[in-house]
Amino acid sequence: MNNNITHKHTYASITAIGGYVPTNKRTNADLEKISDTTDEWITKRTGIKERRILDQGLATSDMAVKAIEDLLTNYKKDKSKIDALIVATSTPDMPMPSTANIICGKLGIENVWAFDMNAACSGFLFALDMGASLIETGRYKNVLVVGADKISAYVDIKDRNTNILFGDGAGVVWLEPNSTSGIQDALLLSNGLGKEYLNIEGGGSLYPFNIDGFDTNKTYLKQDGKVVFKNAVKGMSEVCMDLLHRNNLSVDNISWLVPHQANKRIIDAVGKEINLEEYKALHNIAYYGNTIAATIPLCIWENRDKIQKGDTLLLTAFGAGFSWGASLLTWTI
């Protein structure tokens, strides 16, 4: 018997990427007319100049379909080869069926494993690791991972604490097996301590819409900005360093940091905490705002011409729950 058999590790590699944002813009000038705010105030505190808003009558799945179609067209991918579809979203089209199933119907994709994941703004990283795990088992060869949210449906347009931050969008990556490189490692965490600081209370089983005397204010996103800021900077900074140390790497080994696009001040603070050169932190928050689960894939999609094959990417996010994490990968496109 040969006791020296070695098993090659299979990596999940990103082989294609797509994105979509609605054409309708909500600028800081628009918000000045609605609530007590100014362009200067918004820009100084968030770095955001405008955000995209999906029209009424359209849903999260519509943006996801557009992003997938963008990927299929630009990378000449065959949708019939898709084995699994994972959709990270906090704003599903409806409670059931899953948004992933609805996307399958709209795209004409049959007989695939399709399901949703909800980890709020960390959702894409959670879904990406799940997709990578499916590839690594050898049972799946082509996995689509989507991050998409129509968060504008849950934002009180008159609340300047939230209306300045959020926009709609969708991003998607295609994962395939690779024998040499791809998604190297991920560290994903939750603590259950943040519910009161960032939430949308209404619409679930606790506060269903049909309850007597339903308070419509519960359908709006609420957050304690100071608490979220503090925990986001701490959580993302620490998880990035822990992941690097676990892989015997330093910040100097990172080509690009792709952080969740929550707030430019948070992005800058995380970069400072981990001692990252400022130019290495990718961002597009100025024109899209916080698109929840879509921020990271959209940011990569926007910067795909800047990112080179072989570059080392460190992705990190923080969201409601609290949930947070980081992913380390080699770019293979």
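Each residue, glycine too, has its Cβ placed from N, Cα and C.
TrEMBL labels come from automatic prediction, so no person has curated them.
These figures come from a predicted structure and were not determined experimentally.
Between the stretches 221-225, 261-265, 306-310, TrEMBL puts its region 'ACP-binding' entry on 261-265. Within the chain, the region 'ACP-binding' (261-265) has long-range Cβ neighbours (under 8 A, six or more residues past its boundaries) at 45-48, 121, 165, 228-229, 232, 283-286, 288-291, 295-296, 298-299, 318.
Mean model confidence of the domain 'Beta-ketoacyl-[acyl-carrier-protein] synthase III C-terminal' (244-331) amounts to 99 (pLDDT, 0 to 100 scale). Counted within 10 Å of its Cβ, the other Cβ atoms near H260 (active site) come to 31, all protein chains included. According to DSSP, C121 (active site) sits within a helical segment. All protein chains considered, the CB of N290 (active site) has 25 other CB atoms within 10 Å. Same-chain residues at least 6 positions away in sequence with a Cβ under 8 Å from that of C121 (active site) are, in sequence order, H260, A262, N290, I292, A293, T295, A317, F318, G319, A320, S323. DSSP states for the domain 'Beta-ketoacyl-[acyl-carrier-protein] synthase III C-terminal' (244-331), grouped as helix (H, G, I), strand (E, B) and coil, give 34 helix, 22 strand, 32 coil.
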